[in-house]
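Quick look at what TrEMBL annotates:
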DOMAIN    61-240  domain 'tRNA(Ile)-lysidine/2-thiocytidine synthase N-terminal'
DOMAIN    368-397  domain 'Cytoplasmic tRNA 2-thiolation protein 1 C-terminal'
REGION    283-322  region 'Disordered'
REGION    339-361  region 'Disordered'
Amino acid sequence: MPPALPIPASKLCESCRSARALISRPKTHQKLCKPCFLSTFESEIHATIVSTNLFKQGSRVAIGASGGKDSTVLASVLKTLNERYDYGVEFVLLSIDEGIKGYRDDSLETVKRNAVQYGMELVIVSYEELYGWSMDSVVQSIGKKGNCTYCGVFRRQALDRGAERLGIHHVVTGHNADDIAETVLMNLLRGDLPRLHRCTSIITSSTSSPIARSKPLKYAYEKEIVLYALHKKLDYFSTECIYSPEAFRGSARTLIKALERVRPSAILDIVRSGEAFSRMIPSQAQAPGAEPPQESGAEADSGDGDAGCKNGGAGRSSGGEMRDMERALVAEASGLETPIAPTPCINPGKPKQTKQTPKKIREQKMSNCTRCGYLTSQKLCKACTLLEGLNKNRPKTVVEVEVGIGDEEVSSSLQRGMEAVKLAEEVITG
């Protein structure tokens, strides 16, 4: 057997320099072999966890598991890192059954298999159990427009309820860099500053909930998550929610994917821009309970805004060119200006000074919902408010007709008589 040919230097892994490169990272375009890619991906997640102090020794943490690629990769990585670096954390899978036939029922089967594969406890909480409504029945009642609002409110409260059952005060979710970039863009288009601050924080908490949420995959690209799942041969469910294409997020996702094709670093650039915007938001306008965004090792490893862009950031100026151009325009325009003397006022009076009183921000006073007991600043929590609107369209009573033996005979005789009349009419018309 002839000896194996040496691997060309241009095709070697840029990390170990010994194996053939098989993967080009979407985030940095670094060419890596399979073991180096998996190790690098896990190391960046570990850096994010350590730099932001996500976990405490001896705590129990719930993983929001849907069976999709993000939550499956999150569960796999956290199990690996917990064993490798001895976090001392007990992870539990927490799933929400929205009641979407053909989607959630199939994905929950994947979650059940993951629970066995990773040796984790699994708890499933359903909308039907908590609210008496499934998402299929909600969409049947209100249509496909606006259904994500109902699902988002219901899901948040369902996660809290499930965590309370487990005695857990921390839930990690599989939101990745693409998801956060989409949310930043959506909040910018809406002009929603408080939510912009909240969505960029890696750890979020709320005065309406004792449960903290965190996003360990905040700086991980969706494409790299898929690559990790494929090379690790993870068992996950890949079908999208059948109601999500109607959501506003779908438009934001399309725009971000188009930007990524032109500039691969656009996703992280948008996330960093959102963090920068959130730091400029006054504390009074920030969402209550949201913590300030924190940097992570994963972000530091990716360098500046040009990281991962082959053209070296083409189209982005350093600032010096614009400054020189502005100076030249000012010098050119200075000779064209004509001084105009101000017109004297006949009755110069004291200018009216208008007092600008700062807008008072109403402090939220938290109390329990009068119906379900959930923490809220209103009489009814958001979920109960939405349920009130849904229940108005649902019949309050069910009319039941009891049919006795005699009634059955009468009804059958009447039915036979009607059939005979109908047959006679057909003969006459024929």
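Keep in mind that glycine also has a Cβ here, set from the backbone N, Cα and C atoms.
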Intrachain residues whose Cβ lies under 8 Å of the domain 'Cytoplasmic tRNA 2-thiolation protein 1 C-terminal' (368-397), provided they are six or more past its termini: 131-133, 138, 141-142, 149-150, 153-154, 157, 160, 207-210
DSSP-assigned states of the domain 'Cytoplasmic tRNA 2-thiolation protein 1 C-terminal' (368-397) in counts, ordered helix, strand, coil: 11 helix, 3 strand, 16 coil
Mean per-residue pLDDT computed across the domain 'Cytoplasmic tRNA 2-thiolation protein 1 C-terminal' (368-397): 82
